[in-house]
Amino acid sequence: MKTVVAFLCLSVFLIGTAFAGDPDMLQDLCVADLASAVKVNGFVCKAKANATDFTTMALKFPGNTTNKFGSLVTPANVMQVPGLNTLGVSMARIDYAPGGINPPHTHPRATEMIFVLEGQLDVGFITTANVLIATTIKKGEVFVFPRGLLHFQKNSGHFPAAVIAGFNSQLPGTQQTAAALFNSTPPVSDDVLAKAFQIGVVDVEKIKMNLK
């Protein structure tokens, strides 16, 4: 029942904000041909579609949070559901161990709305004026992260937590701030990072090692 409620809440959000995300579709459907070598803004349409192109069980089960951040994002975007191609929506499930964090990151192509399935989370985003908008949300509550702004979630409870996230893009993209700066290929110069964060080059190398 709780999953149904989460889906309905997110559906209202996604329908109401679809105009602010991906471009409008020009046909009934365009199931993504993920194997095509042709590059377009989106994906080439498959010749034939079937029901399996529009469904997934990806969000049904909790994710494995035994990693250094204590969280796992399980996406349900166009890569898992090819039928989402051109529809301008997608979802994800995020699971958190006690104390687990979804590190600061951005979604360049989508606004995000989360619905808490279980537990409680400290959440927040930072505006371009460097103002932090943050609060604690619990089971049954929602929170919105505006498109492109840096944001995070942390399980502040003593038990596992989980949310369902909705996006107004078929492929919102995720750029983790620390990984982007300290673990890019090719790497950002140590001198640039040291100057930007006002730390030593040795500290930069330590951070890079920790993020691998």
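Numbering starts at 1 and runs along the chain as displayed.
From the backbone N, Cα and C atoms, a Cβ is placed for every residue, glycine too.
Among CYS9, CYS45, the cysteine that TrEMBL records as disulfide-bonded to CYS30 is CYS45. Long-range Cβ neighbours of ASN102 (oxalate binding site) (same chain, at least 6 residues apart, Cβ-Cβ under 8 Å): PHE69, SER71, VAL73, ILE94, TYR96, PHE152, GLN153, LYS154. A sphere of 10 angstroms centred on the C-beta of HIS151 (Mn(2+) binding site) encloses 22 other C-beta atoms. Across the structure, HIS105 (Mn(2+) binding site) and CYS45 (disulfide bond) are spaced 31 Å apart at their Cα atoms. It is HIS107 that, of the binding-site residues HIS105, HIS107, has its Cβ surrounded by the most other Cβ atoms within 10 Å.
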